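Heads up: the structure comes next, in structure tokens.
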Amino acid sequence: MIKLVLLRHGESVWNKENRFTGWKDVDLTEKGVQEAKRAGEFMKKEGLDFDIAYTSVLKRAIRTLNLALNEMDLQWIPVNKTWRLNERHYGALQGLNKSETAEKFGEEQVLIWRRSYDTPPPALEKSDERYPGHDPRYKDLTEAELPLTECLKDTVERFLPYWHETIAPTIKSGKRVIIAAHGNSLRSLVKYLDNISDEDIVGLNIPTGMPLVYELDDDMKPIKNYYLGDPDDVAKAMASVANQGKAKA
């Protein structure tokens, strides 16, 4: 039986401030650091082991992975970083407070922007400092690959080719894999693995810093999945993610 572990980064500074983060390279909070370490402790206690890791080019995911692997004495394993595992780009919403945006545009509209499959937020202009083309880490990307905004469908379309061409063959070769990434890049993979409909994906929330274990058969089809940690803590964390886009009472 194959085990694949998905880990959303620990709480970031902009998670704490309830801002749309996207491709902005913000760091972990102290709580996020502790979440990452705790994730490593849970995985070690579970007896998990890894041969190779995949993450994004954003420090909140990279640091989470490093902190978790350190708890497992696995910092020596190869780590592949790719922009294809980045969070979805939130376009002109990037940096805005989610509750204030809900007050301005309505909770329903913000929920559509945050969670719908194929409705992107308002796009950036290329002259905007938030446009990824101004960031040297993306200098090798084509203009077509640099997003002005993204919906989940766009994130799926940039992630899945990497899954099929790189990660899945690595797993099939017998390597034990962990993917440390972001809420929406991981939602993209979960949607594919569990064959979740475009409509039902709206209700899927992935909490920060909690390892999600997939048990797969030899055809890479899920047998079951489960979070490591206290079930009540997992439920509370998922509810917290769901409530981020609501207007302040």
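Heads up, the Cβ atoms here are built off N, Cα and C, so glycines get one too.
For E87 (active site, proton donor/acceptor), the same-chain residues lying six or more positions away in sequence with a CB closer than 8 A to its CB are T21, G22, W23, S56, L58, A181, H182, G183, N184, S185. DSSP assigns E87 (active site, proton donor/acceptor) to coil in the three-state reduction, outside any helix or strand. Annotated substrate binding site per Swiss-Prot: 8-15, 21-22, R60, 87-90, K98, 114-115, 183-184, in sequence order, evidence recorded as sequence analysis.
Residues or ranges marked as active site, tele-phosphohistidine intermediate by Swiss-Prot on the basis of sequence analysis: H9. Taken residue by residue with DSSP, H9 (active site, tele-phosphohistidine intermediate) is part of neither helix nor strand, so it is coil. Of all Cβ atoms in the shown protein chains, 32 besides its own fall within 10 Å of the Cβ of H9 (active site, tele-phosphohistidine intermediate).
Summarising the annotation, Swiss-Prot assigns active site, proton donor/acceptor to E87.
Take the CB of H182 (site 'Transition state stabilizer') and look out to 10 A: across all protein chains shown you find 27 other CB atoms. Marked as site 'Transition state stabilizer' by Swiss-Prot on the basis of sequence analysis: H182.
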Distance [Cα-Cα, Å, rounded] between H9 (active site, tele-phosphohistidine intermediate) and K98 (substrate binding site): 19
Sequence-distant neighbours of W14 (substrate binding site) in its chain (C-beta under 8 A, six or more apart): F20, T21, K24, V26, G95
